[in-house]
Amino acid sequence: MVGDVPYLISDLDRRGQRRSFVERYDPSLKTMIPVRPYARLATNPVDDAGLLSFATFSWLTPVMVRGYKHTLTVDSLPPLSPYDSSDVNAKRLQVLWDEEVEKVGPEKASLGRVVWKFQRTRVLMDIVANILCITMAAIGPTVLIHQILQQTESISRKVWVGVGLCVALFTTEFTKVLFWALAWAINYRTAIRLKVAVSTLVFENLVSFKTLTHVSVGEVLNVLSSDSYSLFEAALFCPLPATIPILMAVCAVYAFFILGPTALIGIAVYVIFIPIQMFMAKLNSVFRRSAISVTDKRVQTMNEFLTCIKLIKMYAWEKSFTNTIRGIRKRERKLLEKAGFVQSGNSALAPIASTIAIVLTFTCHILLRRKLTAPVAFSVIAMFNVMKFSIAILPFSVKAAAEANVSLTRMKKILIAKSPPSYVTQPEDPDTVLLLANATLTWEQEASRKSDLNKVQNQKKNFLQKQRPEAYSLSPSAQGVTDPEEQHGSPKSVLHNISFVVRKGKVLGICGNIGSGKSSLIAALLGQMQLQQGIVAVSGTLAYVSQQAWIFHGNVRENILFGEKYDHQRYQHTVHVCALQEDLRSLPYGDLTEIGERGLNLSGGQRQRISLARAVYSNHEIYLLDDPLSAVDAHVGKHVFEECIKKALRGKTVVLVTHQLQFLESCDEVILLEDGEICEKGTHKELMEERGRYAKLIHSLRGLQFRDPEHIYNAAMVEALKESPAEREEDAVVAPGDEEKEGKEPETESEFVDTEAPLHQLIQTESPREGTVTWKTYRTYIKASGGYLLSLFVVSLFLLMIGSSAFSNWWLGLWLDQGSQCGPQGNTGTCEVGTVPVDTGPRGHQWVYMGSMVSMLLFGVTKGFAFTKTTLTASSSLHDRVFDKVLESPMSFFDRTPTGRLMNRFSKDMDELDVRLPFHAENFLQQFFMVLFILVILTAVFPAVLLVLAGLAVGFFILLRIFHRGVQELKKVENISRSPWFSHVTSTMQGLGTIHAYDKREDCVDKFKMLNDENCSHLLYFNCALRWFALRMDVLMNIVTFIVALLVTLSFSSISASSKGLSLSYIIQLLVAVGIPGCSWDWSCIPRTSVPAFMSPPPLLCVSSSSVSYIGTCWI
C-alpha cells in the first residue's frame, strides 16, 4: 500500500533534483483514498483498490468467485502489478546494492542492510498498522472484559451499561481485525517485491558469467527457489515482533493494577521465554545451514541424473545413482531431524509459556494468601492469552529470520562473485580478426586478480612495438619456456604460449588428440578462461557451435532463429546447407515440431546440425565450430562441409576444430595441438612437406593404419571424397552463380510448407486436475508417515497437550467456585484460601493445578519428538517413492516432461514437505485443538451458543465453498507456473557459453523476468486468498464474541462468576487463535504460505504400465 514507488530508481529525477514527497509516493497515496469506485485503469485490480478494498482484500473477491465458477488458468488471472514487477524492483535493489558495495566494499557489504533500505518505508507503515491492531487487542481483555465481569457481579448493575460494554468490545475487536488485515495487505506486497527483486538480481549476476565455476546448478536452483521464498516469509513475519514490547508493557501495567505484584511473575515468564526462543532460533539456523549444503548436493546430483538419464539407462547405472542419492538424503534427513526437534520445541513454547505463566501467577498469589475474585482471575487470564499472541508469532518470525539469515549469506556469496573482466581485446590491424600472442590460459581463477585489463593492454602495446603481426609465430624453443607466473604457484595453465593470427575470411583448422586443448582454445577465444599472460584479441561478432550442442525447449525454428527475425529466404538457405531438409520432412510438424529439453527426442547429428544452422542463420562475422561434424554420417558430413563451411560461410572467418583430418586440406591454415601447446602450424601443403607429426597422421589415415572406431569413420569419409568425377557431379550442389541460372531449383525443391502445429505436442502441461485433494491424498501421506495408529498417537499427543492447558483453566474456575462457594446459590465472588474445605486435603487443588502444568510440559516434549520423526519419515518415504517411479519411467516420459518440472518436485516441493509442511501443520493442530476445547467449554457454559454457531455455520460454509475451490485453483496455477521458471533457469545455466557467444544475455534475463512475474503473481494471489478467507472468518468470530458477551451480561446469577470469566477469556483466546499468522481456517489444514498442506499438494509421478502420469492422490 505505502512505500517507495518502484519506478523511481532513486530519489533524484532525471535533472538531478530531489523528487517531492507526492511525486515519490503518488500511487501509494492514491491507495489511501477510502473508496475508489471509478478507478478502472490498472492492469491489476489491487492498483485500483481504495483503502477499504485494499485492507479487506475485496479487490480479490471477483477472482475468488471466478475460481469457484470456472477453472482458473494462467491466462485468466490478471498480471502482476507493474509496481511489483521484477524489472523495476530489481533495478532499485541493484542501485542500493551498488551503493552499499561502493561504501564499505564487497566483503563488508551487508545484503541484510540493503534489504532493509529496500523496504523500510513499507515496514514502518506495517508496524504502525500493527501498533494500532495491538492497541485495540489490548483494550478488550485489559479494560472491557474486566468491566463486563465486574458489571455482572455488581448488585446495582444497569443492563444498558453492560450492553454498551459488549458493543465496545465488538468495536475494538472488529477494528483490531481491520488493522491486522491492513498490516498483512502491506506485508504481502512488500514481500513479493523483495522476492522478485532478489531473485532477479541473483539471476542477472549468474548470467553475467560465461561459465559457472564458483556455484553448482543445484545451488542455483535452491537459491532462486527456496532462498528467495525464505526472504518472502521473512518480509511477512519479521515486522510482527516489533509490537511485542508495547503489548507486554500495556498488559504488565494493567495486570499489576488489578492483581498486584504477583502479576509480575507471569510477565517474567513471558520475558524469560523470549530469549529462549531466540537461542532456539539460532540453534535451528545452524542446523538449517548444514542441511541446506547437503540439500544443494542432493539437488545437484538429481539435476545431473535427469540431464544424463539416457546415458544412465543405457549403461544400467540406476542402482549406483539410487545409492548415491539415498546416501545424500540420509545425511540430509539427520540434519533436518535436529532442526525439526528445535523448531517443534519453539512452536510448543506459546501454549506452554501461557500455561506456566497463569499457573505460577495464581499459585503464588494463593500461597501468599491474597484475595482472588473471578473477574480479576479471568481478566488476567484473558490478558495472558493476548500476551500469548506475542509468543505465538515469535516462532514464525524467528524461524523466518533464521532462514533468511542463511539465505542472505548464500545470496551474498553469489552477488559479490563478479565475473572477471574480459581479457579479450581488439586487434590493432584492421585485417586481423583473431590474434593470440604468447597467450597462456587456465580454467582456474587466480587467487589475486592483480593482472587486470591495464596489464593486458600494456603487454599488447609492448609486444606490438617489438614485432609485426606477420611474425607472431613463436619458435619451438620459445614455446617451451616456463611461464614465470606458473613458477610462483599460479593455477596450472591449460594452454601454453599460444600464438597465431587469422585474417578476415580465412578458415583455420585445429586438430589434435583428445585432451590436447582444442575445445579450450575455442573457450579462450570466447573469453571463458583466465588469461595468465599474453594477448587474446577478437574483432567481430561471434557465432559458436559447441561440441555438445545446446538445444533449449521449443520448436526447431525457434532454436535456429534464436531470437532473430524470421527471413524466409535466408532460413531456407540455412536449412539446405545444414542438410536439415530430410530431417524436417520426417518430423510430424516440420520445423514447428516441438523439441524436448536438451533435444532429447533428436539424434546427436540432428542436434549438432540445428546448432550449426543457428550459427549460419545468425550471419555473424566469426564462426567458432567445435567439432560440428563428429556426430553426422559420412555423406552428410561431406555435404555440410562443402555447402556450409566452404560455400555458405565463404568470406567469413571460421575456426574449425575437427577429428576428420580429410577436411583440413581445404583450410587456409592448420594448427596441430599437443598437451596445450602448438606442435605444428602452417598450411596443409607446408605441414605435409615438413613430414612432421601432422604428416604422419595424414599418412596413417590414408594408409588405413588404424584401430580406433573414429579412424574407421574417418576412412569412410576419405573414401567418400575419392568418389568418381561422375558421382561427384551427380551429388554436387549448384554453385551460387549457377543457382541464378537454374532458378534456384535445388533450394526450391527443399522448401517445405508451414503447417499449423498444435501447442504442447511433446511437453504436456500439468493438468488442472493435478493437485486436487481427496481423502486418498491424506491417506497416502498418513501411510507414508507410518500408518494410521502412529498418526493417531501423534495427534492424540496434541490433544493431551492442549487439553492439559484447558484443564488448568477449568480447574481454576472449579477451585474458585468451591473455595468461595460462589456457585449459583452463593452471593459472593471472593475466595480466601485457608477457609476452604477441600476433600483432597488443604493443598490438593494446588497440586492438581501444578500437575496440569507439568503434564503439559511432558506431552509437549513427547509431541515434538514424535511429530518431527513422523513427518520426516513421511517426506523421506515419499521422496524415495517418487525417485523410484522416475527411475522406472521410460524415456518417452523424459521427452514429454521438462526437467524443470521434475526439479521443481525435488527442490522447492521437497523443501515444503521437509520444513514448511511440518511447521505449519504443527501450528494448525495446536490451534485446531485449542479452538475445539474453547467451543466445547462455551457450549457447556452457554448451550444457547450452539444456536448462534448453527446460524453462523451457514455463512461459514458459503465462504468455505467459495474459498476452498478458489484457493485450490490458485495454488494449482501457482504450481504449474513454477515449472517453466525452473526449466528456464536450468537450461540457461547449461547454455551460458552459447548465450554469451550470441550476445543473448538480455533476452534470457527478460524471459526470466516474465516467468518470475507470472509465478509471483500467482503466489501473491494464493496468499491473499488465504487472508481473504481469514478476515471474513475473523468477522464471524467477532459476532460470536459479541453474542457470548451479551449472554454473560444478561445471564444474571444463573451462571457462576468463574464460568462467565472462563467463557469471556476463552472467546478472546479464540480470536487470538484465528489471528495467529500461520493459521487460516479451512476444514483441512491450510497454512498461510504456499505449503501444499493437505490442500494442494504437488502431484507425485506414478507409473502405470508403460506410461507415466500425474495423479493428485500422491505426494512429493
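Glycine residues also receive a Cβ, built from the backbone N, Cα and C atoms like all the rest.
According to TrEMBL, the protein has these features:
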- 728-740: compositional bias 'Acidic residues' (COMPBIAS)
- 132-403: domain 'ABC transmembrane type-1' (DOMAIN)
- 476-700: domain 'ABC transporter' (DOMAIN)
- 792-1075: domain 'ABC transmembrane type-1' (DOMAIN)
- 463-491: region 'Disordered' (REGION)
- 724-751: region 'Disordered' (REGION)
- 127-149: transmembrane segment (TRANSMEM)
- 161-186: transmembrane segment (TRANSMEM)
- 234-257: transmembrane segment (TRANSMEM)
- 263-281: transmembrane segment (TRANSMEM)
- 348-368: transmembrane segment (TRANSMEM)
- 380-402: transmembrane segment (TRANSMEM)
- 786-807: transmembrane segment (TRANSMEM)
- 928-960: transmembrane segment (TRANSMEM)
- 1035-1057: transmembrane segment (TRANSMEM)
Outside the transmembrane segment (928-960), six or more residues from its ends: residues with CB under 8 Å to it: 351, 798-799, 802-803, 805-806, 810, 1029, 1032-1033, 1036, 1039-1040, 1043-1044, 1047, 1051, 1055, 1059-1060, 1062-1063, 1066-1067, 1069-1070, 1073-1074, 1082-1083
Per Cβ pairs under 8 Å, the stretch of 161-186, 234-257, 263-281, 786-807, 1035-1057 packing most closely against the transmembrane segment (380-402): 234-257
Range from 127-149, 234-257, 263-281 with the greatest count of C-beta pairs under 8 A to the transmembrane segment (1035-1057): 127-149
Integer average pLDDT (0 to 100) for the domain 'ABC transporter' (476-700): 84
Residue numbers, six or more beyond the limits of the transmembrane segment (127-149), whose CB comes under 8 Å of its CB atoms: 162, 165-166, 168-169, 172-173, 175-176, 179-180, 182-183, 186, 239-240, 242-243, 246-247, 250-251, 254, 258, 374-376, 378-379, 382-383, 385-386, 389, 1045, 1048-1049, 1057, 1060-1061, 1064-1065, 1068, 1072
Distal contacts, the transmembrane segment (348-368) - CB-CB under 8 A, six or more residues away: 259-260, 262-263, 265-267, 269-270, 273, 276-277, 280, 377, 380-381, 384-385, 387-388, 391-392, 394-395, 801-802, 804-805, 808-809, 812, 833, 846, 849-850, 852-853, 856-857, 860, 863-864, 926, 930
Beyond the flanks of the transmembrane segment (234-257) by at least 6 residues, Cβ under 8 Å: 119, 123, 126-127, 130-131, 133-135, 137-138, 142-143, 183-184, 187-188, 190-191, 194-195, 263-264, 266-267, 270-271, 274, 380, 383-384, 386-387, 389-390, 393-394, 396-397, 399-401, 403-404, 1077
Cβ-Cβ under 8 Å with the transmembrane segment (263-281): same-chain residues at least 6 beyond its ends: 244, 248, 251-252, 255-256, 342-343, 345-346, 349, 353, 356-358, 360-361, 364, 380, 384, 387, 390-391, 394-395, 398-399, 401-402
